[in-house]
Structure formats: structure tokens, C-alpha cells
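Trainee: Below are the features I grabbed from Swiss-Prot:
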DISULFID  C110-C189  disulfide bond
CARBOHYD  N14  N-linked glycosylation site
CARBOHYD  N22  N-linked glycosylation site
CARBOHYD  N185  N-linked glycosylation site
LIPID     C330  S-palmitoyl cysteine
TOPO_DOM  1-40  topological domain 'Extracellular'
TOPO_DOM  65-73  topological domain 'Cytoplasmic'
TOPO_DOM  99-111  topological domain 'Extracellular'
TOPO_DOM  134-155  topological domain 'Cytoplasmic'
TOPO_DOM  179-199  topological domain 'Extracellular'
TOPO_DOM  227-247  topological domain 'Cytoplasmic'
TOPO_DOM  273-291  topological domain 'Extracellular'
TOPO_DOM  315-353  topological domain 'Cytoplasmic'
TRANSMEM  41-64  transmembrane segment
TRANSMEM  74-98  transmembrane segment
TRANSMEM  112-133  transmembrane segment
TRANSMEM  156-178  transmembrane segment
TRANSMEM  200-226  transmembrane segment
TRANSMEM  248-272  transmembrane segment
TRANSMEM  292-314  transmembrane segment
Amino acid sequence: MASSWPPLELQSSNQSQLFPQNATACDNAPEAWDLLHRVLPTFIISICFFGLLGNLFVLLVFLLPRRQLNVAEIYLANLAASDLVFVLGLPFWAENIWNQFNWPFGALLCRVINGVIKANLFISIFLVVAISQDRYRVLVHPMASRRQQRRRQARVTCVLIWVVGGLLSIPTFLLRSIQAVPDLNITACILLLPHEAWHFARIVELNILGFLLPLAAIVFFNYHILASLRTREEVSRTRCGGRKDSKTTALILTLVVAFLVCWAPYHFFAFLEFLFQVQAVRGCFWEDFIDLGLQLANFFAFTNSSLNPVIYVFVGRLFRTKVWELYKQCTPKSLAPISSSHRKEIFQLFWRN
């Protein structure tokens with residue numbers, strides 16, 4: 001796989017494998033690569049722009065009011081902080097692709113940017129698991145723990161998630177380097193794996209620890225959450241004919257589906273990449289298919305960081321309440337001639353789905 005270097009990982013364990021002498025033998029899609037070089041940077045900058053604004057706004061809404069965060073807000077604020085750090089590194093990769101993978105920023109940023117990307121992969125999914133687990137405890141086992149205990153556990157959990165995410169990104173930080181590629185006349189930021197066994201370790205870390213195991217936990221928690229909500233909805237309809245918790249149900253489904261849609265393609269192509277490395281699949285078709293697929297899947301997964309403010313916050317009622325509280329706190333009374341009750345009605349109509 002000579003023509004591309006996906007931001008998260010590299011495909012080869014040594015430079016001779018990465019850049020064979022007949023590097024253009026499988027260059028069967030030059031038009032596709034030219035299109036990617038033109039389109040992807042704009043796409044990445046758009047993700048950075050909206051992700052920066054969205055996650056900054058989320059953090060401001062959570063942190064500006066001078067009161068203690070509840071459990072859900074602790075997790076969501078950490079998720080926004082992780083995504084904010086991540087999107088700050090995207091302009092570097094946009095410039096890298098504009099230059100056709102010629103890395104102009106030096107060895108240190110090569111390591112730091114890719115380490116941040118790798119850490120975000122784990123931190124985000126682990127936070128999704130933590131959010132699902134907390135909601136599972138609240139809705140399925142409401143008497144299992146008290147609110148103060150849950151808040152303390154949420155803080156500890158978030159610290160551990162950041163530490164674990166940082167530790168799992170250490171190999172990327174240590175093994176990333178810039179290498180000259182004379183055949184292509186570029187200096188690339190690449191990950192050189194020192195031994196063939198690292199390919200297996202990488203797929204275990206990336207696909208199993210970073211996707212399949214968290215996905216199993218998310219499915220387990222959300223299945224029981226949805227079952228509990230359906231039971232409550234049936235009871236509610238029987239007693240008062242109303243629909244309750246429909247917003248929560250929709251939010252949970254949105255979380256799971258959005259995560260799968262954004263990240264499943266990347267892990268699929270990462271697994272195909274592993275099969276190519278162990279020569280389970282061969283040929284130019286698979287090389288070009290995996291190279292191009294990884295590029296697209298990488299940055300499609302990145303959209304999750306700009307969607308998180310919408311998916312995890314704006315879809316739910318929690319954030320709407322926080323925005324309203326912040327609005328009342330920051331709006332001078334002299335600038336509010338209408339009554340607070342009318343203002344609240346207008347605000348509720350504005351946010352009504």
C-alpha cells in the first residue's frame with residue numbers, strides 16, 4: 001500500500017514494505033486520489049469549524065453557570081472537551097492532504113497530532129460507554145446508588161478514561177516519525193511498526209478494545225434501557241394515556257446509530273487492512289479499495305466529533321434547559337420588557353420539536 005497514509009495508523013511494518021520500488025504498479029485510481037486531494041481538505045476544515053464552535057458552545061453552557069454539574073453534564077462536558085482538543089488538530093491534516101501527504105510541520109507535531117487523534121478515538125467511545133452505563137443504572141436500577149455517589153464516580157471515571165486514552169495513544173506517539181520518500185518526492189508523517197507481531201497487537205487494540213468490546217457494552221446497556229422505557233411507556237399509557245420518555249428513547253437510539261454510522265466503516269477498513277498485511281487478501285483491487293476506503297472512512301469518522309454537540313446535547317432536553325438558564329442569567333432585566341412567563345413560552349415554542 002504505497003499511495004496513502006491514513007492519519008490513525010500506517011499499513012506497513014518497515015519502509016521497504018511501505019514504499020516498494022514498483023510503487024505505481026497498483027496506481028489504478030489516479031482520478032480518485034486527485035479528487036480526494038481537492039475535496040477532503042475542505043471537508044476536514046468544515047469539521048474543524050463546526051466542531052470548534054459546537055464544542056466550545058457546549059462547554060460554555062455547562063461551565064459558565066456557577067453551580068455543580070450533575071452526572072450527565074460531567075460526562076457530556078468531558079466529551080465536548082475531548083472533541084474540542086481533537087478538532088484543533090484537524091487543520092494540520094487538511095494541510096497535509098493539500099500537500100499530497102507531504103508533512104510540513106516537523107517530527108514533534110507529527111507525533112502529537114496523531115497521538116491526540118488516537119487518544120480521542122478511545123476517549124470518545126469510552127465516554128459513550130460510561131454515559132450508557134450511568135443511564136442504565138438510573139433507569140433500570142434506580143435504587144442502586146445515590147446521586148452524590150454517582151457524581152463522585154462520574155468524576156473518577158472521566159479521569160480514568162482520559163488516563164487510559166492517553167496510555168493507549170503512547171505507541172502512536174512513540175512510533176510516529178517523518179520519513180523521506182524519494183520516489184514520491186515527499187516527506188511523510190508515518191507510523192513504522194518495528195515487528196510483524198505489532199500488526200496483530202494493533203488490530204486487537206484498535207478493533208477489539210476500541211470498538212467491538214465498547215460496542216457490546218453499549219448494545220447491552222441500551223437494550224435494557226429501551227426495554228425499561230417501553231415498560232414505563234405502557235404503564236403511562238394505561239394510567240393517563242400520555243407518552244413519556246419518548247425524547248429519551250429517541251436520544252438513546254440516535255447515540256447508538258450515529259456512533260455506528262460514523263465509526264463502523266473505519267473499523268471495517270482497518271480490519272481489511274490487517275487482512276491485506278497478513279496476505280489473506282491480495283491484489284491491486286484490494287490495495288486500492290482499502291487505501292481509498294481508509295481515507296474516506298477516517299474522515300467520515302471524524303464527523304462524529306462535530307456531530308456530538310448535536311447528538312449528545314441538542315437533541316435532548318437537558319441542554320435546552322441549560323441554555324435557558326444561561327440566557328436568564330446573562331440577560332439584563334432592563335432588556336427584558338416582556339414578562340418572564342411569556343418569555344419562557346416563546347423559548348419553549350422555539351425549541352419544540
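Quick reminder: no glycine exception, Cβ is built from N, Cα and C everywhere.
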Trainee: Among the recorded positions C110, C189, C330, which residue has the fewest other Cβ atoms within 10 Å of its own Cβ?
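Mentor: Fewest other Cβ atoms within 10 Å, among the recorded positions C110, C189, C330, is found for C330.
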Trainee: Spatially speaking, which of the recorded positions C110, N185, C189 is closest to C330 (S-palmitoyl cysteine)? Use C-alpha to C-alpha, please.
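Mentor: Result: the closest of the recorded positions to C330 (S-palmitoyl cysteine) is C110.
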Trainee: I'm checking region-level scores; what's the whole-number mean pLDDT for the topological domain 'Cytoplasmic' (65-73)?
Mentor: 81
Trainee: So, in DSSP terms, is the residue listed as 'S-palmitoyl cysteine' helix, strand, or coil?
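Mentor: Assignment for the residue listed as 'S-palmitoyl cysteine' reads helix.
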Trainee: Cβ pairs under 8 Å with the transmembrane segment (200-226): which stretch of 74-98, 112-133, 156-178, 248-272, 292-314 has the most?
Mentor: 248-272
Trainee: Between the Cα atoms of C110 (disulfide bond) and N185 (N-linked glycosylation site), what distance do you get, rounded to the nearest Å?
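Mentor: With the alpha carbons as reference points, the distance is 18 Å.
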Trainee: Short question: most Cβ pairs under 8 Å with the transmembrane segment (41-64), which of 74-98, 156-178, 248-272?
Mentor: 74-98
Trainee: With contact taken as 3 or more Cβ pairs under 8 angstroms (pairs 6 or more apart in sequence), are the transmembrane segment (292-314) and the transmembrane segment (74-98) in contact?
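Mentor: In contact, yes.
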Trainee: Counting only pairs 6 or more apart in sequence, are there at least 3 Cβ pairs under 8 Å between the transmembrane segment (248-272) and the transmembrane segment (112-133)?
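Mentor: They are in contact.
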Trainee: Residues of the same chain, at least six outside the topological domain 'Extracellular' (99-111), with any C-beta under 8 angstroms of its C-beta?
Mentor: 4-5, 37, 92, 172-174, 176-178, 186-189
